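**Student:** In case it's useful when we look at the structure, here is the feature table from TrEMBL:
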DOMAIN    6-123  domain 'Response regulatory'
MOD_RES   ASP58  4-aspartylphosphate
DOMAIN    170-388  domain 'Histidine kinase'
COILED    182-209  coiled coil
DOMAIN    409-525  domain 'Response regulatory'
MOD_RES   ASP458  4-aspartylphosphate
Amino acid sequence: MESPLRILLVDDDEDDYVLAREVLTDTMRRPFTTKWARSYEEGLSSLRAERFDVVLLDYRLGRNSGIEFLRERGVQSADVPVILLTGQGERAIDLEAMEAGAADYLPKHHLEDTLERTIRHALERHRDRAALRQMNELLEERVAERTADLERANTALKDADRRKDEFIAILAHELRNPLAPISNALEIMHEAEAELEICREARTTMRRQVNHMVRLVDDLLDVSRLSQGKIQLKTGPVWLSEIVRQAVELARPLLEREAQRLVVTESPAPIHLQADATRLTQVIGNLLNNASKFTPAGGRIDLSTRLNGHEVEITVRDTGIGIERAHLALIFDMFTQLDSSLERTQGGLGIGLTLVRNLVQMHGGSVEARSNGRNQGSEFLVRIPVETSTAVRPSSPVPDTTTLPNQRRILVVDDNRDSANTLAMLLKLSKHQVVTAYDGLAAVEEFGRSHPDVVLMDIGLPGMNGLDAARAIRALPAGNDVALVAMTGWGQDEDRQRTKEAGFDWHLVKPVDRSALMQLLAELPAKP
């Protein structure tokens, strides 16, 4: 059984109230109760104090009107349908009432015909609006929950990405540290005159593997920096032929090991363009290494360049295992390994081609992979815009500075004793005077005793780290006369900024290239 409708009838005319009450009694199909409010104020008070299902409101209420009643904040917050009753029947009042929030509008002389139906329809619409409002609130709540979930997921992804970058940086640092003494030992072996043939072969193998590990570490860091937008191109006018020559030299050890034939076909006319020479060399070198890895021993690799309108085209083509058509779109994705089986013969992290694509795009160009399928070879086509008006001259070759005109007093500081001792041996072979220290505090004390010309210092030292040790050395009386060189596995831009702020003059990343170190020592001003 339905509960009675609670009806509030607001009318200052008793005759009109009685008439409305009689119409309700005669026409309502549902039980109801009524409360009569005799004034504007009494109607507001009743509505605020009690709960009603519907309000029948007279338009004229003494000095006030039903429109004013509708606009009262308490009426609007009561969430009850209000039907305005008037004896005038003017359309303007009808529109004004609806705008003020009335559920409906009825002339009093039509009550018998329409009141029951109007109340019923008003209640139905009110229920529908309430249901819709509830659904909207539920939807908003769910959207808010999903948004919160998405924000948490995004935060987790950002945190994971940050931790990934931190891991890569730490991994690179940890890999570089053992590489440094290995690299130093190789150079010492190279300097030794009396070598057995088997030692020379072992040294060549070790050097090749060290270089491979260095390239892997560099690629890891480049991918991390690219994902953070930290790589900035250092563009300038360059000859493409010089870039090709340097890239071929980088790839030559791998090509020679596999007895692969490299055919280079360059444009008849010299091509010069605005590019980052180091990064463009890296692009071509990575493509050559990739071609060599997936081409059988004794196979052929073609490298060609040509000018096509306002673009330079660089093509690397091989006779290797090829690429399935379905995989061509994935080949440049990070960490993609098309052969993930345990039997795969080629190593790599799956980031070389990702670097190629990103570096080419940073030059405003594009790269495309082509293959007719398995065992049909592959072709990679790089297009880079070229400014035909640019003209440069090839840079002069850097003179060989491995024979130093000046001997240096050098302090080597590294908590990795193998790294410190092998570097000291290598420097002594070049006739430098070398002392070592294995922590930051010992480095400061040794500097005060030996007054070196150069300090080659690691950053991650026990007790006093390399940054604090550099500051302490700079604070000593002779501290401003020494060349401070950071030699560390940390190579990010922020790492270089920290060493600079601590007082270091140079920042070298382990394993340090011997020729680069010797050139740096040779270029330092001679001490009296």
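Just so you know, glycine gets a Cβ as well, placed from its N, Cα and C.
Bear in mind that TrEMBL entries carry predicted annotations, made automatically and left uncurated.
From a predicted model like this one, the values you see are computed outputs, not experimental measurements.
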**Student:** Across all the protein chains here, work out how many other Cβ atoms are within 10 Å of the Cβ of ASP458 (4-aspartylphosphate).
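**Tutor:** There are 27 of them.
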**Student:** I'd like the number of other C-beta atoms within 10 A of the C-beta of ASP58 (4-aspartylphosphate), please.
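**Tutor:** A count of 24.
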**Student:** Can you grab the distance from ASP58 (4-aspartylphosphate) over to ASP458 (4-aspartylphosphate)? Cα atoms, rounded to a whole Å.
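**Tutor:** ASP58 (4-aspartylphosphate) to ASP458 (4-aspartylphosphate), Cα-Cα distance: 91 Å.
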**Student:** Quick one: what's DSSP say for ASP458 (4-aspartylphosphate), helix, strand or coil?
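**Tutor:** For ASP458 (4-aspartylphosphate) - judged by DSSP and reduced to three states - the answer is coil.
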**Student:** Along the coiled coil (182-209), what average pLDDT does this model show?
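**Tutor:** Here the mean pLDDT over the coiled coil (182-209) amounts to 68.
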**Student:** With DSSP as the reference, give the number of residues of the domain 'Response regulatory' (409-525) in helix, strand and coil.
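**Tutor:** In the domain 'Response regulatory' (409-525), the DSSP-based counts are 56 helix, 24 strand, 37 coil.
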